[in-house]
């Protein structure tokens, strides 16, 4: 079971008011709801994956090592934004749940927020993992995922302020190599962001994907669209149908 945080401590000392709200759209309520959905979709199995939301000067983050379908608002970490990515000891946590660990995804989420994102999602989708393996086999380790002439591509932005992609556009998602520790992915993620400035996602080989958006709804729907495209790509590959027409 998820490690429950007892609320008998002094609420003022840990800024618990930051995660207490009756508003269903509050980040502390949205993150548990999102994680339950992602668990049911097979995206965050076995405590893997995570989600984070930026609201003004605060960043709300799901904890590490917790069964994602059981997360509650009082399990959420809160960071002051902006905050240093490294070292971890310099990060400006203004709320830390007792007995829980900060997410290892934190510096990667921060990389997305530093580029203007309002929400960042990390999944361990099997379809995302499979396409990274197929790309490596077909294009080598430097290849990116590409697909065109599929209607669902319209659910992905062309880039900041550039509208949405069209049916005939070719979607490109960069792929970075996995590392033994999640935090060590940060440099490669930022490099991919620089090389593909219009991307809203980065695949991690044999691991999963990071997807971000201007707000929660956009990050979620983009993640859904990408997962649909990855699954379709795997099935197309089985049938010998090329991804780019």
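Every residue gets a Cβ built from N, Cα and C, even glycine.
Source: prediction; values computed, not measured.
For residue 151 (active site, proton donor/acceptor), applying a Cβ distance below 8 Å and a minimum sequence separation of six or more within one chain yields 167. Residue 151 (active site, proton donor/acceptor) falls within a helix when secondary structure is assigned with DSSP. Taken from Swiss-Prot, the feature active site, proton donor/acceptor covers 151.
In the three-state DSSP scheme, residue 105 (substrate binding site) falls into the coil class. Cβ environment of residue 105 (substrate binding site): 50, 52, 61, 64, 122, 182, 210 lie under 8 Å away, each six or more residues apart in the same chain. Look at Swiss-Prot and you will find 105 tagged as substrate binding site.
Following the DSSP three-state reduction, the secondary structure of residue 124 (Zn(2+) binding site) is coil. Here residue 124 (Zn(2+) binding site) comes close to 43, 44, 45, 48, 49, 207, 208: these same-chain residues lie at least six apart in sequence, with C-beta atoms under 8 angstroms from its C-beta. According to Swiss-Prot, the feature Zn(2+) binding site maps to 122, 124, 207.
As annotated by Swiss-Prot, region 'Disordered' applies to 1-23.
Same-chain neighbours of the Zn(2+) site beyond 122, 124, 207, judged by a C-beta within 8 angstroms of the site's C-beta center, are, in sequence order, 48, 49, 123, 125, 128, 204, 208, 209, 210.
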